[in-house]
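Okay, handing you the structure first.
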Ligand code: ADP
Ligand code: 5GP
């Protein structure tokens, strides 16, 4: 690749299928590097420290923020999440395409600090389908689902702020479209 790869940000409402799409894409094309975020939320069954997230305490998150170690961070549905800055910059410098899977507030911060970043919005085929996916995943309590659906309304309204929208009807199709947007296929 001749051009320096761009940073790509993938956002979209909770339950739309971001993790599923990213997992499929990385299986097909392991050359994309996905940033591992720090979070104060507890691991879901099967989630591993250092692989899916760095699961940190509130105090550890305070320190990461105070020391300027995060490229962006946000509070989402009662927990804090942030992108470790150094690893993102190192991979971009090394010519590796970098993907961030973060929420709307984080995407806005990246747009400010790295205007060359490409912002991709993953949309559900319909509101009903989003509710079905979020509920069907079965990993959150009804209260948490309500908070995430409230956040989803806000996120869906912000879709025009993004450079591109992909509708997650087929995981395979969306993964392929995302790879094409990242210039790696
Ligand atoms: P997110 O990371 O955006 O919160 P997940 O990747 O956890 O969402 O997906 C939420 C649920 O929707 C999961 O149960 C997943 O299997 C399902 N899902 C994801 N993409 C699709 C799709 N294209 N069609 C049907 N179900 C999907
Ligand atoms: P979940 O708890 O379902 O893994 O993630 C909840 C939300 O937090 C999702 O919208 C996800 O994209 C977002 N998120 C994950 N990591 C980060 C991060 O580092 N920064 C920001 N701003 N959001 C994140």
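Using N, Cα and C of the backbone, Cβ positions are placed for all residues, glycine too.
Residues or ranges marked as ATP binding site in TrEMBL: 12, 13, 14, 15, 16, 17, 18, 19. According to TrEMBL, the feature domain 'Guanylate kinase-like' maps to 5-183.
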For the domain 'Guanylate kinase-like' (5-183), what's the model's average pLDDT?
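When the pLDDT values over the domain 'Guanylate kinase-like' (5-183) are averaged, the result is 95.
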Which binding-site residues from the list 13, 14, 19 come close to ligand 2, meaning a Cβ under 6 Å from one of its atoms?
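Checked binding-site residues vs ligand 2; flagged 14.
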Note the Cβ centroid of 12, 13, 14, 15, 16, 17, 18, 19, the recorded ATP site, then list each other residue of that chain whose Cβ lies within 8 Å of it, in sequence.
122, 124, 130, 133, 134, 168
What is the total of other Cβ atoms whose distance to the Cβ of residue 14 (ATP binding site) is within 10 Å?
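Looking across every protein chain shown, the total is 21.
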In sequence order, which residues at least six apart in the same chain have a CB under 8 Å from the CB of residue 19 (ATP binding site)?
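Residue 19 (ATP binding site) has long-range Cβ partners 101.
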Far apart in sequence but close in space: which same-chain residues, 6 or more away, have a Cβ under 8 Å from residue 15 (ATP binding site)?
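Residues satisfying the criterion: 124, 130, 131, 133, 134, 135, 137, 148, 152.
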Quick check on the binding-site residues: of 12, 13, 17, whose CB has the lowest count of neighbouring CB atoms inside 10 Å?
17
Non-local Cβ contacts of residue 16 (ATP binding site) (under 8 Å, 6 or more apart, same chain)?
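Correct list: 122, 123, 124, 130, 133, 168.
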